[in-house]
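Features as listed in TrEMBL:
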DOMAIN    216-397  domain 'Malic enzyme N-terminal'
ACT_SITE  Tyr239  active site, proton donor
BINDING   Arg292, Asn547  (S)-malate binding site
ACT_SITE  Lys310  active site, proton acceptor
BINDING   Glu382, Asp383, Asp406  divalent metal cation binding site
DOMAIN    407-671  domain 'Malic enzyme NAD-binding'
Amino acid sequence: MMSLNGSSFLKNSFTGVSMTQSQSLRLPVVRNRFTVVGMVNSNNGRPERNASVSVDSAVKEVNGPVAVEAVESDSKQPTTAAVGGGVEDVYGEDRATEDHFITPWSVSVASGYSLLRDPHHNKGLAFTVKERDAHYLRGLLPPVVVNQDLQRTGLWFAYILASQTQHEGGTYWFRLVYLKKDLIRDDVNNQVKKMMHNMRQYQVPLQRYQAMMDLQERNERLFYKLLIENVEELLPIVYTPTVGEACQKYGSIFKNPQGLFISLNDKGKILEILKNWPQKKIQVIVVTDGERILGLGDLGCQGMGIPVGKLSLYTALGGIRPSACLPITIDVGTNNEKMLNDEFYIGLRRRRASGQEYAELMNEFMSAVKQNYGEKVLVQFEDFANHNAFDLLAKYSTTHLVFNDDIQGTASVVLAGLISALKLVGGSLADHKFLFLGAGEAGTGIAELIALEISKQTNAPLEETRKKVFLVDSKGLIVRSRLDSLQHFKKPWAHEHEPVNEFLEAVKAIRPTVLIGSSGAGQTFTKEVVEAMASFNEKPIILALSNPTSQSECTAEQAYTWSEGRAIFASGSPFAPVEYNGKVYVSGQVSASRTFEINILQQCIHFPGFGLGLIISGAIRVHDDMLLAASEALAEQVTQEHFDNGLIYPPFTNIRKISAHIAAKVAAKAYELGLASRLPQPENLVEYAESCMYSPSYRNYR
């Protein structure tokens, strides 16, 4: 290793320097934020670059000649500034696009056989010959070396141009020019292509799910690379709908733990259990008690597939580092007789705890989380039953950074869709009337956010704007005369109106412009209901949000056919595009091969960016205004071109950029409300969010 400083810099000319490949030049910089490391050889008299050059936290991939200038001492030569990641990065994951030297045991010891079984550092066949020799891998892998993706093969060159000026003043400057050789496409030896080829051989979705989970446990970076680059194809596998079947059969397919299991037997030891998790810098926890998994009900301990899947999306689509994510299942038993009698069930074989026993366990858990991970760790409640979900959110929202995706996340993404849809039907939210079938977590959460947005737009009291929204539950329209028998979260929606027992009659009585289903009851938007909506609306907005498909209030084909092609439809379950009278209709959002559901949209477009915004701002609490900001940011991403194609949500083409925009709006609101702790506020929050995102590209090991 040669260190260039003082006279040694002046004594060398760097054009055609002859050095072996194991030697390197380290160029020190005093007055700016770069670290520049170059490696050269002289096989043909041209210095070759295959070491690292980092500018602040990252050097972006170069597609042509790029100059990076650095200055020492008091020189006035121009410098380049990069946006730095503001979140502590133990594993260097924020800088994964760098080609920099790192040892896989810089944090944990791994080499040889152990290295190949460390998902954080394993690269499989992508280990170079040099790395295989250095890390005792020779013989443990077949001889072929496979690159990660089609755009990574090729050679990098660095030419060092240095001035020959006198050094008496103690000043000098240099310029590095990076040139990338024409890329050589490798259509055979390619990990991403090969894995997708293998994945498509499986005909059963659960087999694809298991293959993806195996890959995540074997090679974490390749898993996320695959997911990011094939998001539309793999999301239904990694999350809904396939994750539902995975949870039902979790005991049978369970191999290695992917998160923490905390049960009633662990009372008094939860802090100790949290300390057992190997990663210490946790920023996001997704936790479930498994009582209401999707539309499948109580799956008990086997609901772990939900936190694992959600956090995979946090990383792939929101850029949260895998090492900062922690899935947790709280096992308090199950009331599902099938689970209790299943010989492969992995949870406690007892009836569900409730009341004080349940509350004490959850309180110990929340206290331990805050004690172990601090004030700024985001705890996302997932798939809790109504009676616990609302209570937990209300209890801990004033003391912890908590978020319920079923109540708040669904609401925010649906509100974004409504804001977009109004550009097609006209008017503002205040000009419309909303009728819900379903008054649980999702229904009341969406209703409340709609009322909040109307209040924000009109400056009317929330109590007044709620009167624009009507809810129907299993006993009929929620009205004032039912107030004494209603659960507390339904009471704000008990309006003055005569009782109506039948849903169709409620539609005719309220005459809504927007119909929203969150009931979990399939085929409840009947032909008569849709025809009634179409009779008093030129463009009825119909959102059938329940999932899976069997629980959808109506299908896309039914909505378009029964409304004579006039409905604006989005769903909570995937439906293929529909052809009616020679025109093809798409619901919610569509790719080349399938229609995506609002539930998937929620996972992909909303909560990853929302969580990223909380983290990069160092938020200590979630405020309703942050949810409104996220909805508005998502709606802003819908262009006229999207509307022309029948979309009310932006496509998946640039999902991470969408997440960055949502994160920026959420972070900006956190700073505005005085809830941000990461100071000072970055000047450009979008660039800052992008700079903090995890990249799954491989790093080089020395």
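Every residue number used here counts from 1 along the chain in the order it is shown.
From the backbone N, Cα and C atoms, a Cβ is placed for every residue, glycine too.
Here the structure is a predicted model, which means the values were calculated and not measured.
Sequence-distant neighbours of Arg292 ((S)-malate binding site) (same chain, 6+ apart, CB under 8 A from its CB) are Asp298, Asp383, Phe384, Ala385, Asn386, Ala389, Asp406. When other Cβ atoms within 10 Å of the Cβ of the residue listed as 'active site, proton donor' are tallied across all protein chains shown, the result is 24. In sequence order, Thr288, Arg292, Ile293, Ile306, Phe381, Phe384, Ala389, Asn404, Asp405, Glu441 are the residues of the same chain, not among Glu382, Asp383, Asp406, whose CB sits within 8 A of the CB centroid for the divalent metal cation site. When the recorded positions Tyr239, Lys310, Glu382 are ranked by how far their Cα is from the Cα of Asn547 ((S)-malate binding site), Tyr239 comes first. Around the Cβ of Glu382 (divalent metal cation binding site), the number of neighbouring Cβ atoms within 10 Å comes to 27. In this structure, the C-alpha atom of Glu382 (divalent metal cation binding site) lies 9 angstrom from that of Lys310 (active site, proton acceptor). All chains included, 24 other C-beta atoms sit within 10 angstroms of the C-beta of Asp406 (divalent metal cation binding site). On a Cα basis, Lys310 (active site, proton acceptor) lies 7 Å away from Tyr239 (active site, proton donor). If you take every residue in the domain 'Malic enzyme N-terminal' (216-397) and average the pLDDT, you get 94.
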